[in-house]
């Protein structure tokens, strides 16, 4: 029986069984031995050989949320979940596992939230009331382990403490939340600039362009294809002239080639097998070796490569295939299957590293299976350091895979989804699951990635438009499509659908100051940008059943239409809600019908900064804008912590407002534009306050 020790600090309890060697060290500051016992924490521990099993009771009305990227309902009860990063192309609902492993779940019992985080990057299994109806059973395939119990009482309290432990999210630049376009793949380089010109001519604001693997020379990392991209500096300059950023894909496989500089400089820094030989696999470049990102010297080397690449003017890095994926065994299996008289689908063949791969972590040799899920975390860490080495103030990294702590370095997107009405709904569940697991900067491939090779796809224009609408407030907003898919860039759509997408994209830009203010809050406190309704109303059991609406911060409720219908019923939680489109104020705990294509409701007690220095104020509250200006509203006054420029002020009120007085001096008349909506055109700097009369 291994020894069990419990430490505590500020509502976080660290349970240490034996002498664990965690994939990443999360030191508990000022930890002290706790007087609490396991039973007082509500836990039972069973040690079976090389496994540790942790059990907690599960009440009938208890809710279990979190666990990251899972293709299931957000209330995780009555299912079993595996933490094991895989290349899950063309995944569907209830497929598990997927690309990201976040071994954190949050229990909400009698309105009180408690978090449970297991710091293991091996294949941890969470059984949430499936095998035994009244238990959560966590099986860790290690004889020593550490985990944390995190007290709330609110869900946001748990996430604040969890991200204090694992790291607060980085703050990306504002452009990273703009509209991005991507394709597998855009080339040659003249076509890239031509596409941007077409988009801008048609009135679409493009924040960034992504280049997939075809920009490389023979798929070798940190190279440009000599014919497709003969003048990369010219390409970058042309995009920057148009205020468009360039983001390039960077996989993890280094081609075995004695004339290839990264292969030569990386010798001694690649993954090995148990015999001490190099692990040689197969990836896009062909015969491939893989950086052992667990080694500090490897991360330094990789940071140097990234820094050199960025020095050309590249603005962002897109990390793909980093579960990590290797094609060796898939190729071997495919060769066997091809010799058989029966045909098999091979799109989900084994693409993981073999069992005999080893890594070197903090000077210790460890098996791949023990740390697999943390591989993308260390890759993102090294890539982030590359930005720092290049003295970049603006950092943009997008990663497909991740582990606890990935929020410190990267955005996450949900991988290779398949366009369908079922997937449309699933994407919301996936991004919300990540959001409430400490990963605030998330998104999906708008339009669905997979192309015509998949019979299940739906290429209807209505579905494509609703993908754009679904993701309206997702932190990461990018269209992306496979080589054999339809064009998802709106300029190639019929005029009717093109204009619909334009309205959606422009609305996103209108709300971008609010979204970016929430990004600042995420970086400071660990709060999600978008969140399920139950995050704000955790003591209301009805909210745990709502999976087709989401909150954007505390103040905005969005109910995308995720069916073929043109209207929908919207569940409004308790409180008062303002219909953004017609000014109606509605009492909550109600269900209303929305006929607008983009149902948006503002919660009483909200301040929403909009593009063009506009503000919407509804009720009494306070809010910190992305520029750190504190805005506080009461029944008859709006105060500002410092001087800011306001072009237009929209006041939502059931009581009439006739005029405002700026800084006790300038009187401005107010126009009623629709019910409960009063607009003042200010167009000046405000030093201190606005009075409402």
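Yeah, the Cβs are placed from backbone N, Cα and C, and that goes for glycine too.
These come from Swiss-Prot:
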ACT_SITE  320  active site
ACT_SITE  323  active site
ACT_SITE  416  active site, proton donor
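Residue 323 (active site) sits 13 Å from residue 416 (active site, proton donor), taking the C-alpha atoms as the reference points. Looking only at the active-site residues 320, 323, 416, the densest Cβ neighbourhood within 10 Å occurs at 323. Here the C-alpha separation of residue 320 (active site) and the residue listed as 'active site, proton donor' works out to 11 Å. Following the DSSP three-state reduction, the secondary structure of the residue listed as 'active site, proton donor' is coil. In this structure, residue 320 (active site) belongs to neither helix nor strand by DSSP; it is coil.
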